[in-house]
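Trainee: Dropping the structure in here first, questions after.
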Amino acid sequence: MTQILLPIALLCLFAASTLSNPLLVELPNGELRGRDNGFYYSYESIPYAEPPIDDLCLEEPRPYTERWENTFDATRPPVDCLQWSQLISQPNKLTGSEDCLTVSIYKPKNLTRISFPVVAHIFGGGWSFGAAIDDGVRPFSSSGNVIVVKTTTEWERLGFMSTGDSVIPGNFGLKDQRLAIKWIRNNIARFGGDPHNIILLGFSTGGSSVHLQLMHKEYGQLVKGAISISGTATVPWAVQANARDLAFRYGKLLGCNNPKNSRELKDCLKKTDAEEFVSTLRHLQVFDYVPFGPFGPVVESPEVESPFLTELPLDTIRSGNFAQVPWLASYTPENGIYNAALLLAKDANGKERIEELNTRWNELAPYFLAYPYTLKRSEMNAHSQKLKYQYLGYKNFSVVNYFDVQRLFTNELYKKGIELSLDSHRKHGASPVYAYVYDNPADKSLAQFLAKRSDISLGTGMGDDYYLLMNNPLREPLRADEKIVSWKLVKMVEDFAAHETLVYDDCVFPNNLGKKKFQLVVIGRNYCKQLEVESFARHGVQ
């Protein structure tokens, strides 16, 4: 009985302290001051790990333990981690800081609640760019029923470079996330959050990150549910092969010539200027911003002392040795828009760049489709030609045939991998597994930004649903129907966090566990419906 009452007593104690002056919060590090934003409070840029600089560069993340002598200013928005960002239009795409490992907490003003369920947010960005500050919390804060915590983690070389051994084991970005989630669990009660009622939510590589976190069985004790939007642990870009070769190649670009071993490479890389280190990413890109994330998660060497991944996620799922919590995965009918849209951009002569694929397909396809290091060159060419014939037949690459390319990218980069994840969970898991497809094209979208044109209707693409949950200037202003859908999606997530039930409007999500056919909820402009299919990758769910 005492074991039950103690957490409740602590929760009430923290709730009382936040009610007396909700802007001041006491942490083990000292006192911090947040901001009153009218209908919600924010506590931003709170460090959870030591900055990965100097001796800590390319090392395992360490918890932040510094004591504050004065009240910590938690009114400053989070900063980007140092990155070469696709979302910057200028030639110099460098932005951010190495001192970036923070959490930012957004608490509604809802006096009817003593404590709130918690949505822990992991942002996306191709393992190479993106930031917590890009995605707003207005939809959740306006609704007022959950606390949102945004985490900031390392991307690019600092987050995912690996030498394939214990010297630079890799997965630092995922280990940052793991540390942030534990920080949230240990401290969220001080802000009025329920530490026993946390769900993870991520988009794109953030969605894959959420799923990868579930590969640790003990996470069932840290979180009670998870949502992966447009990304899982089994999409082809989720785990990288041959990371060691890429690390040494990158070192050579930075002037680390002919290191004898991983230790020599690491010593050289640590001496490299951080901005030069990150900016060098552009030399790995073979077409615009392709590959989108040359560095990514890896299966770590058995000699690593505290590994994040020791086997492929698919093997972990099939073993059943993963966190058994309710999990929701989603996609859009044209998810591949994100990867394909830049082909619609025009070059300096006004010619669509998609036509370059007619002479460069064998060269570029492996980088677009995430297999540049997994096959031999002869095998890659054969595979690339097979895919071209499967989706385009003998047609040339052109704007007229653009949607065949978009369908290729959608199926090969998203639908097949997401289906594989859901199929493995329903066969080998013990907890509920849910899925939805969102079909309501945006007038203003990420795809249009990348294509630099609005004269072509591209369909429902990556982010069209996500940015109704986490607002972004790229998607604004919303249409009237999108505002209604946004409210319903937010309520869906809130109910999932509070009650572990999944309902969108009047559509109850069916559980896929043990089912022979996939059970989906289709969310459209002004409707929702349940759908049963054998394969949504082949079925072409619209």
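Cβ coordinates come from backbone N, Cα and C, glycine included.
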Trainee: Return the single candidate from Cys268, Cys507 listed in Swiss-Prot as disulfide-linked to Cys528.
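Mentor: In Swiss-Prot, Cys528 forms its recorded disulfide with Cys507.
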Trainee: Going by the disulfide annotation in Swiss-Prot, which one of Cys57, Cys100 is bonded to Cys81?
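Mentor: In Swiss-Prot, Cys81 forms its disulfide bond with Cys100.
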Trainee: Enter the number of other CB atoms within 10 angstroms of the CB of Cys100 (disulfide bond).
Mentor: 25
Trainee: Say you check the Cα of Cys528 (disulfide bond) against those of the recorded positions Asn110, Cys256, Cys268; which is nearest?
Mentor: Asn110
Trainee: Using DSSP and collapsing to three states, where does Cys256 (disulfide bond) fall: helix, strand or coil?
Mentor: coil
Trainee: Cβ distance under 8 Å to Cys507 (disulfide bond), same chain, sequence separation 6 or more: which residues?
Mentor: Val521, Ile523, Cys528, Lys529, Gln530
Trainee: Which recorded positions (Asn110, Ser204, Cys256, Cys268, Asn396) fall within 10 Å of Cys100 (disulfide bond) by Cα distance?
Mentor: none
Trainee: Rank the disulfide-bonded residues Cys81, Cys268 by the number of other Cβ atoms within 10 Å of each Cβ, and give the residue at the low end.
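Mentor: Counting other Cβ atoms within 10 Å of each of the disulfide-bonded residues Cys81, Cys268 gives the minimum at Cys268.
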Trainee: From the recorded positions Cys81, Asn110, Ser204, Asn396, pick the residue whose C-alpha lies nearest to the C-alpha of Cys268 (disulfide bond).
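Mentor: Sorting the recorded positions by distance from Cys268 (disulfide bond), the top entry is Cys81.
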Trainee: Going by C-alpha distance, which of the recorded positions Asn110, Ser204, Cys256, Asn396 is nearest to Cys81 (disulfide bond)?
Mentor: Ser204
